[in-house]
Each structure stands twice: as structure tokens, then as C-alpha cells.
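Peer 1: This is the structure, below, for whatever I ask next.
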Amino acid sequence: MNKIIILIALSLFSSSIWAGTSAHALSQQGYTQTRYPIVLVHGLFGFDTLAGMDYFHGIPQSLTRDGAQVYVAQVSATNSSERRGEQLLAQVESLLAVTGAKKVNLIGHSHGGPTIRYVASVRPDLVASVTSIGGVHKGSAVADLVRGVIPSGSVSEQVAVGLTQGLVALIDLLSGGKAHPQDPLASLAALTTEGSLKFNQYYPEGVPTSACGEGAYQVNGVRYYSWSGAATVTNILDPSDVAMGLIGLVFNEPNDGLVATCSTHLGKVIRDDYRMNHLDEINGLLGIHSLFETDPVTLYRQHANRLKQAGL
């Protein structure tokens, strides 16, 4: 009798687990299904897929699994925000022509932030939303330092450009993508405080007018969102954290290792204090991140659902 009771209990317990799991699976169906396709845009030295490793590690797959249409753009790894923006615009136009969609939801990381802003500014009719993650909207102290240390027109600048071009050529080779024109000095200029503020004069949509506030939530029919991390060393198992920690010393304010928190603000600031560094924001280095913070992939899923709830 005791054995029968145990078997019945186990059966009921197993059934409840299966039912709970099934219910969870069903509840996730369509969770990320936005009205318009999502386009992910990489930052400086970025790529779509490099030697089998995604720039947005595991993110497109997770979003697609529960209903989203996701496309990963590939623009110049190094170039001005405007040049990268024109490349992205051409890809957006092609995507809309193929899919029949009317608009896209643009999500950009790092230099991808200004890049997607450019597209939304010149063709707001094609963009439903702009989401910047760790975006450089008021410059980076790192870019300022590099520009200040390497004199314009110097031999050291020529050497640095040569090394950068070699790295970018390797990225193009390993990513198997289109060989976009590269201009390391243009990208450096774009990411300095001076370059960013100049860009903002021409493309001001969503940029906060205060030092560390929020920008307009909606401009020309386009919704603007942003979020970022505010930590440098987040997991001792991640070797890239050493670099993030050292580079982060350049700042005298909260930062993610490459960009100051206040510089990442655009439109509606979802959060700017995640325990994530610049690479964690894209689930970088194969997903190694802080054990005491939300999984980066979850943030993208939640945001896709946010866009869905907004009818985007």
C-alpha cells in the first residue's frame, strides 16, 4: 500500500511539473513577437558573426524562438556614424522590400547607438523604435584620451591606423561579410566628446538636453529607449574584465568600462545601473556575466515584449 501511495504521489508530482513546464512554454510563445522586425546593429570593431561567434551572443536565437523576426546588420567596423548609418539605411530598405514590413525596430550597441539614430533621423517613416544599449551619445573619455595622446598627422597615428586596418581586415575575413569601407580616424572622431556633440546638433532626436537626464520619448513617430551597465569587473572568470577594469579607470564617474553612464542616456532610460560592463551588455565572451545580475539575454527579451506591448 505504501508503495502504491508513493507511486501515485510521484505520478502527480511529475504531472504537475510537466503541466507547469508546458504552461511556461505556452506562456512564452509570442512573448517576443513584435509587430515590426528587429534589427540588431553592432558597435566599433563589431561584426554579425565572427568565426562562428555572434556579436550579440545568443540574443537573436532567443528572440526568434518566441516569435520575433530578427536581423543582424553588418556595417563598417570603423567609420563615422553617418557613413555607418547610410550603410544601415540601405540594409533596412532591402529588408523592408523583402519582408513587406512597413517599419523596423532598431537596436544598437555602443557606436551602434548613434548609427541607428542617424537612420531614424533621416528616415523616421521607416523606423518604429530606436533602442540604444551602452550607446555613445555624448562622447567617451576613452576616445578623448586616445585622440589626445596620438597627435593628428603624426607617425604614431599612422602606425595606429595601420594596425587598426589590419585588425578590421581580419574581422572582415573571419566574419565572411561584405568588405565595407573602413576609416579608423573617422570612428575615433565620432566617439570623442567633440564629435558626439557635433553629431547631436544635426541629429538631436532623443538626446537629453540635461547632463544626465532623459530625452524625448517620441520624436517624429519614433520611440526612443536606452539602457546600460555601470560596472567594469563583473565576473572573475571573464578574462576581458581585466581590460574593462583598467580602461574604466579613465572615467571619474559611473561607467561600463568604455562609456560613461550619463553618455548612454537616450529617450526613455529603462535603467543605467545594471551590473554589466560594455561586453556584458551584448552577452559577450560566450555569455560570461555577473551571477548577481539579470541575464543580458533576458533584458533583450523583456524589451522585445515591451515593444510588443507598445504595438511596435
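Every residue, even glycine, has its Cβ placed from backbone N, Cα and C.
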Peer 1: Pick the one from ASP238, ASP241, ASP256, ASP272 that Swiss-Prot also lists for the Ca(2+) site with ASP280, GLY284, ILE288.
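Peer 2: Answer per Swiss-Prot: ASP238.
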Peer 1: Please tell me which one of the recorded positions listed here (LEU44, SER110, HIS111, ASP256) sits closest to ASP280 (Ca(2+) binding site), measuring Cα to Cα?
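Peer 2: Closest by Cα distance to ASP280 (Ca(2+) binding site) among the recorded positions LEU44, SER110, HIS111, ASP256: ASP256.
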Peer 1: Round to a whole number and give the Cα-to-Cα distance in Å for the pair LEU44 (substrate binding site) and SER110 (active site, nucleophile).
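Peer 2: Pair distance, Cα basis, whole Å: 7 Å.
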Peer 1: Least buried of the recorded positions ASP238, ASP256, ASP280, going by other Cβ atoms within 10 Å?
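Peer 2: Among the recorded positions ASP238, ASP256, ASP280, the sparsest Cβ neighbourhood within 10 Å belongs to ASP238.
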Peer 1: Work out how many Å separate HIS111 (substrate binding site) and HIS278 (active site, charge relay system) at their Cα atoms, rounded off.
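Peer 2: It is 11 Å, counting Cα to Cα.
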Peer 1: Counting every protein chain present, what is the number of Cβ atoms, excluding its own, within 10 Å of the Cβ of HIS111 (substrate binding site)?
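Peer 2: Other Cβ atoms within 10 Å of HIS111 (substrate binding site): 30.
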Peer 1: When DSSP states are folded down to helix, strand and coil, where does ILE288 (Ca(2+) binding site) land?
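Peer 2: Assignment for ILE288 (Ca(2+) binding site) reads coil.
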